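**Q** So Swiss-Prot lists the following for this protein:
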MOD_RES   Ser2  N-acetylserine
MOD_RES   Ser15  phosphoserine
MOD_RES   Ser19  phosphoserine
DOMAIN    23-112  domain 'HTH La-type RNA-binding'
MOD_RES   Arg104  omega-N-methylarginine
DOMAIN    123-216  domain 'RRM'
REGION    222-275  region 'Disordered'
COMPBIAS  226-236  compositional bias 'Polar residues'
MOD_RES   Ser230  phosphoserine
MOD_RES   Ser233  phosphoserine
MOD_RES   Ser235  phosphoserine
COMPBIAS  237-254  compositional bias 'Basic residues'
MOTIF     240-256  motif 'Nuclear localization signal'
Amino acid sequence: MSEKPQQEEQEKPQSRRNSFAVIEFTPEVLDRCLKQVEFYFSEFNFPYDRFLRTTAEKNDGWVPISTIATFNRMKKYRPVDKVIEALRSSEILEVSADGENVKRRVPLDLTAARNARIEQNQRTLAVMNFPHEDVEASQIPELQENLEAFFKKLGEINQVRLRRDHRNKKFNGTVLVEFKTIPECEAFLKSYSNDDESNEILSYEGKKLSVLTKKQFDLQREASKSKNFSGRSRSFNGHKKKNLPKFPKNKKKNGKEESKEDSSAIADDDEEHKE
């Protein structure tokens, strides 16, 4: 009888850290693993990732590594002990002494990060109409890598974000592509924009794609939301007050007002790592 609790206690770490197939952690794999986690904590993701940010705020900046290991793009990195090993080599991140948690060495200046986000949006395009009807959740990581390879052949990019339907969390056929520079972004738009019929047609697996600026995409999304609220659509080129939905005043959560700007920014991000 006395051995059973001891056996269960020994099995818990095994379940948490070794529930997926073990892969060979070559130096290249360790580097990819580290860069992925550093991205989660970067100025381009952390301020706008509500789940990650609130988790850190509850624990003095620390986030459980076991939580990060459940993100879709991290599930392939097993055992988790190797992830911890990779994170210990980071110049940006710090691992707790017990190896259970990770945080930024230097906290982000959120105001500066939001200014960086504005500049980031200026070099981001929305590319729509990718095949998506038959894409299952288990196929998302592979699709992510395929789309990254697709766009890297066409320009210098920083990242590709897959958009999801907020109702069923499935890929909705739209990706946000962030380029390294504004000129790179403008050159891509000039080559593939649907506004000019003489432009080269951008396609993927035989399907013609549509290219919009981030601003055009946001206006289209707002128009769609407005139509859902009022039954009437708005022009993508302007805002008509009579068609704008009326939102209630910001509700207080835990004694603090929730920022409208913050909520809008979060809605722009895909949430692939939270499933």
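Glycine residues also receive a Cβ, built from the backbone N, Cα and C atoms like all the rest.
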**Q** Go ahead and report the DSSP secondary structure tallies for the domain 'RRM' (123-216): helix first, then strand, then coil.
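**A** Helix (H, G, I), strand (E, B), coil: 30 helix, 30 strand, 34 coil.
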**Q** Provide the number of Cβ atoms within 10 Å of the Cβ of Arg104 (omega-N-methylarginine), excluding the reference atom itself.
**A** 19
